[in-house]
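Here the structure comes first, spelled out in structure tokens, and everything after it is commentary.
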Amino acid sequence: MQLEFLGTGAGSPGKFRNVTSTALRLLDERNEVWLFDVGEGTQHQILRTTLKPRKIAKIFITHLHGDHIFGLPGLLSSRSFQGGDEPLTIYGPVGVRDFVQTALRVSGTHLSYPLKFHEITKAETVFEDATFKVSCEPLDHRIACFGYRVEEADHPGELQADRLKALNIPSGPVYGQLKAGKTVTLPDGRTINGQDYIAAPQKGRTVTILGDTRRTPHAVSLAQDADALVHESTFGKDEGKLAHNYYHSTSTQAAQVAQQAGVKQLLLTHISARYTGKLSKELQKQAQKVFSHSKVVRDFDVIDIPLPEKG
């Protein structure tokens with residue numbers, strides 16, 4: 001599991017940061033990529049990575065401001081040209097279906113794959129299967145905006161083969177039965193319950209990706225105990241009034257959310273073009289004074305989300 005940042009700027013494309021898009025790489029887990037927001041030029045950014053549009057299975061839109069959605073029609077079209085034929089689902093606020101369908105209709109674009117929509121109006125679980133769950137909650141922005149919490153299911157515990165070998169139980173098909181939790185009767189008459197020889201499950205990972213927002217309790221609940229929190233940091237700590245008026249957050253406000261939620265790392269994005277070079281580093285320092293594991297990410301940064309260490 002990795003996060004790859006395709007655009008980390010705010011408002012409009014800049015020389016050093018494109019507008020918002022974040023890829024959650026789940027290639028090992030399910031051979032898929034999930035995108036969160038698709039700002040203008042996202043497909044150009046993808047060309048500079050190893051990501052393949054045909055691998056994109058889900059797109060989660062936080063809100064319908066242009067710097068988060070203007071790249072959608074082009075990316076959807078290119079996915080057809082590049083061998084994408086598997087269904088793709090777009091999740092987002094009411095209006096995302098109309099935006100996409102209008103752009104495709106007016107441009108005469110025909111997709112080679114089924115396109116589905118799941119429009120959101122309130123906090124809910126938008127997707128869940130045996131391996132992942134995605135839930136959302138509303139944030140505090142000028143228009144309807146949501147944050148997403150991606151939770152990986154726990155990994156089954158490993159079979160404790162060393163304990164079985166200590167009992168003179170040779171490896172073979174019986175190990176597969178025991179790993180499945182079955183009770184097995186051995187040739188010598190002993191009965192072995194597989195459940196007694198399976199280690200505790202390994203906790204799955206949680207990633208929280210927020211849209212544009214002012215401080216809100218929903219940000220904390222979405223991020224609770226997450227392995228990584230992606231939070232906007234449009235302004236520096238001294239611009240609190242400006243951030244409030246424009247429905248955004250400062251570096252220190254984002255860090256306060258991370259601290260309160262008990263996350264493992266805070267990844268700051270949606271950076272105003274005014275913060276370049278040393279000023280960008282200053283944003284990071286501001287956040288680190290509140291929450292030490294803070295990082296201002298740049299376009300094309302790739303962040304590993306490792307499985308928690310086993311106890």
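Just so you know, glycine gets a Cβ as well, placed from its N, Cα and C.
Swiss-Prot lists ASP67, HIS68, ASP212 as binding Zn(2+) 2, and of HIS270, HIS293 the one it places in that same site is HIS270. For HIS68 (Zn(2+) 2 binding site), other Cβ atoms within 10 Å of its Cβ number 26.
Measuring Cα to Cα from HIS270 (Zn(2+) 2 binding site), the binding-site residues that fall within 10 Å are ASP212, out of HIS63, HIS65, HIS141, ASP212.
Same-chain residues that are not part of ASP67, HIS68, ASP212, HIS270 yet have a Cβ within 8 Å of the Cβ center of the Zn(2+) 2 site turn out to be ALA10, GLY11, VAL19, THR20, ASP37, GLY39, THR62, HIS63, HIS65, GLY211, GLU232. Other residues of the same chain near the Zn(2+) 1 site, with their Cβ within 8 Å of the Cβ centroid of HIS63, HIS65, HIS141, ASP212, are THR62, LEU64, HIS68, LEU139, ARG142, ILE143, CYS145, GLY211, THR213, TYR247.
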